[in-house]
Amino acid sequence: GSDLLTPGDNKTAHDSYAFLVNWLERFPQYKYRDFYIAGESYAGHYVPQLSQLVHRNNKGVRKPILNFKGFMVGNAVIDDYHDFVGTFEYWWTHGLISDDTYQKLQLACEFDSAEHESEACNKINNVAEAEEGLIDAYSIYTPTCKKTSLHRRRLIKGRRPWLPRGYDPCTEQYSTKYYNLPEVQKAFRANVTGIPYSWTACSDVLSDHWKDSPRSMLPIYRELIAAGIRIWVFSGDADSVVPLTATRYSIDALYLPTVTNWYPWYDEEEVAGWCQVYKGLTLVTIRGAGHEVPLHRPQQALKLFEHFLQDKPMPRPAHSIQSF
């Protein structure tokens with residue numbers, strides 16, 4: 001319907017807020033409980049925007065029903081300029097694109113908006129994509145879906161120690177198949193109007209009509225940090241779509257004082273990633289994880305979520321020497 005023609009960041013925040021308020025009316029046992037918001041990728045916009053709306057609506061309320069405490073985002077779009085700089089740097093430093101393309105990307109794109117790129121930026125992005133080849137951009141070191149028929153996976157299991165156990169690059173294909181089953185749509189009370197086209201994981205109809213997408217979330221970060229809201233940002237370091245370097249440049253632009261300097265955090269005596277605690281924000285990286293961290297590193301992701309909820313920095317090894 002007309003909803004498809006008027007989407008945007010602002011509408012998404014207000015729709016989500018209306019959903020939360022109505023959901024709490026339906027399930028009142030959850031009213032007044034500590035409430036956190038988390039998301040990844042473009043939810044780097046949705047999560048801070050919804051957080052800001054909840055925070056502002058709670059102002060002056062002594063006992064808010066939506067008892068908002070903090071948010072967490074992963075491999076998140078944060079600030080278009082710094083994200084572009086960090087993304088192109090990641091592609092080049094990880095050997096995905098040529099020197100020439102790297103320079104041209106910097107010239108053509110860095111002052112564009114992520115949602116509305118110029119023609120020149122689009123063009124050179126296509127060149128970059130061709131240079132990268134058929135890799136999984138969301139997880140640059142793991143096989144792509146086409147190659148992992150069950151037969152092949154059995155063959156390579158023993159020979160490739162870097163292939164994460166249990167990661168299946170074909171999840172998107174499965175969900176596309178699943179959500180197009182008539183009985184599934186019926187159970188969801190979806191597609192009651194009999195839409196002639198298939199459900200897709202990423203809809204062009206939506207992105208083509210997207211109305212508003214601010215270039216930066218940093219002003220919201222500043223507002224919520226000042227209000228004492230807990231903010232954690234995490235990043236899987238094998239993602240080239242919203243890579244760690246993009247996140248680091250964006251966070252650096254906040255100029256927050258450091259509380260605990262960069263250190264490795266551990267899971268079962270292995271380095272699981274790195275962590276830096278700033279005043280008002282904690283940054284955690286997850287080693288070897290792609291764009292969707294819990295999909296690639298479920299055990300480490302669980303540890304991350306537990307520490308976020310307890311507001312405890314990520315674990316160091318028992319014998320670690322404090323060198324800073």
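Every residue, even glycine, has its Cβ placed from backbone N, Cα and C.
Keep in mind that this is a model prediction, so the values were computed, not measured.
Database features (Swiss-Prot):
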| type | residues | note |
| --- | --- | --- |
| CARBOHYD | Asn10 | N-linked glycosylation site |
| ACT_SITE | Ser41 | active site |
| DISULFID | Cys109-Cys121 | disulfide bond |
| CARBOHYD | Asn191 | N-linked glycosylation site |
| ACT_SITE | Asp239 | active site |
| ACT_SITE | His291 | active site |
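Structural mapping of features recorded in Swiss-Prot.
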residue: Asn10; record: N-linked glycosylation site; contacts (Cβ under 8 Å, 6+ apart): Gln49, Lys211, Asp212
residue: Ser41; record: active site; contacts (Cβ under 8 Å, 6+ apart): Gly74, Asn75, Ala76, Val77, Val241, Val242, His291, Glu292
residue: Cys109; record: disulfide bond; contacts (Cβ under 8 Å, 6+ apart): Phe84, Phe88, Glu117, Ser118, Ala120, Cys121, Ile124, Asn125
residue: Asn191; record: N-linked glycosylation site; contacts (Cβ under 8 Å, 6+ apart): Gln185, Trp199
residue: Asp239; record: active site; contacts (Cβ under 8 Å, 6+ apart): Asn75, Ala137, Tyr138, Ser139, Ile140, Ala289, Gly290, His291
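Remark: of the recorded positions Cys121, His291, the most isolated position is Cys121 (fewest other Cβ atoms within 10 Å of its Cβ).
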